[in-house]
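What TrEMBL says about this protein:
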TRANSMEM  20-43  transmembrane segment
DOMAIN    35-312  domain 'G-protein coupled receptors family 1 profile'
TRANSMEM  55-77  transmembrane segment
TRANSMEM  89-111  transmembrane segment
TRANSMEM  132-154  transmembrane segment
TRANSMEM  201-222  transmembrane segment
TRANSMEM  257-275  transmembrane segment
TRANSMEM  295-315  transmembrane segment
Amino acid sequence: MIILMMDFDDSYVLLSEEQLIYIITIPLSTSIILANLVIILGISWNRQLHNTPNYFFLSLLVADLCTGVALPFIPLMGLNRHLSFSSCLVAHVFPNFLFLAFLFNLVMVHYERYICIIDPLHYSNLWMHRSFPLTLLVVWTPALLYASLPAFGWNNWTGPDFNSCCESTQNLTAFSNCLTNTTSCCSYKRVFPNAFIFLEVYGLVLPAILAIAAMTGHVLWITRGQLKDICRLHRSVERGNQASDQEQKLNLRYTRCVVAVSLTFLACWVPYLIYMHVSIALVVSDSKRSSTTHIVLSCTGIGSMAVVPIVLGLANRQYTEPALKLLQKLRDRWRPRTQASEEATV
C-alpha cells in the first residue's frame with residue numbers, strides 16, 4: 001500500500017509524527033492480530049470447516065494478519081528517514097506487498113462466494129476448487145511481483161536530489177551519516193515514481209474495490225428477487241393479498257442485511273477511499289502542508305479496511321464457536337471460585 005505523505009525535515013517534527021503514528025496504529029494493529037488469530041484457530045480446530053472455500057478465507061485471514069503486523073510501519077513510509085538503499089526498499093516494498101496480497105485475497109474470497117450464489121450448479125467445477133495451490137499462487141505472486149518493481153529499477157533513487165532532509169536536519173548523528181554516505185534520505189518519492197503510484201491506485205486498488213462493491217450489490221439484487229418470488233408463492237398458497245407475518249419477517253431480515261452491508265462499506269471502505277484520493281491530490285499538487293491530518297487519515301483508512309475480513313469472520317458462528325466455548329469453560333470455572341470465596345468471607 002503506497003503511503004503518500006508530505007516531507008518533513010525537522011527531526012523533532014519527525015519524532016512527534018512517529019509517536020502519533022504509533023499511538024494510533026498500535027491499538028488497531030493489536031486488535032486486528034488478535035481477532036484474526038481467534039478466527040484462524042476457530043477454523044483450524046473445527047474439522048468440518050476444512051474445505052476449499054474456508055481455505056480461501058484462511059488465506060485472506062493470514063494476509064490480514066500480516067497487514068495488521070505491518071500496520072504501524074505503513075504510515076512511516078510517508079516520512080523522510082535516514083536509511084540505506086536496501087533498507088529503504090524493504091521498508092517500502094514489503095508493506096506494499098502485504099497490502100496488495102490482502103486486497104487480492106479479499107477479491108478472490110468475494111468472487112468465490114459470488115459464483116456460489118449466482119451459479120451454484122457449476123460452483124464445484126470452478127478452477128479455483130480444482131487446484132487450490134494454483135489459486136494461492138495466482139493471488140500472492142502478482143502482488144509480490146508488482147510490489148517488487150522498485151527493487152528491479154523502477155524507482156527515483158538516482159533522480160532529483162532528495163538529500164535536503166539530511167542538510168536541513170537538526171539531528172547531528174544522522175547528518176554525519178549522510179555526509180559519510182552510510183545512509184541516505186529515504187522517502188517514498190525516491191522509491192515510488194508517480195507513474196507507479198497512479199498505476200497501483202487506479203489500475204489495481206480502485207478496480208478491486210469497485211469489483212467487490214459490484215459483486216456485493218449484485219448478490220443483494222439477486223437476494224431481493226428471490227425474496228419476492230418466495231413472497232409471491234407464499235401468497236398464492238395462502239390465497240391472500242396482504243403480507244403475512246412470515247413475509248414481514250423475511251422483508252425485515254433482508255432490510256437488516258442491506259443495512260449491515262451498507263454500514264460495513266461506509267465504515268470500512270469510505271475512510272480508505274477518502275485517504276487515497278486526498279493522497280493523490282497531494283501528490284499532484286506537491287503540497288508540503290502539515291501531515292497530521294494525513295497521518296490520521298492513513299492510519300484510520302488502512303486500519304478500517306483491514307477490519308473487513310474480521311467482520312466477515314465474526315458474522316459466521318462456525319468460525320467463532322471454539323472461542324465462545326473456551327470463554328464459556330473459563331466462565332464456568334471462574335464462577336465456583338468466586339462463589340467459594342464469597343461463602344468463605346461470609
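The backbone N, Cα and C atoms fix where each Cβ goes, glycine too.
Since the structure is predicted, the reported quantities are computational estimates derived from the model, not experimental observations.
Outside the transmembrane segment (201-222), and at least 6 residues removed from its termini, the chain residues within Cβ reach (under 8 Å) are 1-2, 100, 103-104, 106-107, 110-111, 113-114, 117-118, 146, 257-258, 261, 265, 269, 273, 276, 280. Counting Cβ pairs closer than 8 Å and at least 6 residues apart in sequence, the transmembrane segment (20-43) and the transmembrane segment (295-315) reach three or more and so form a contact.
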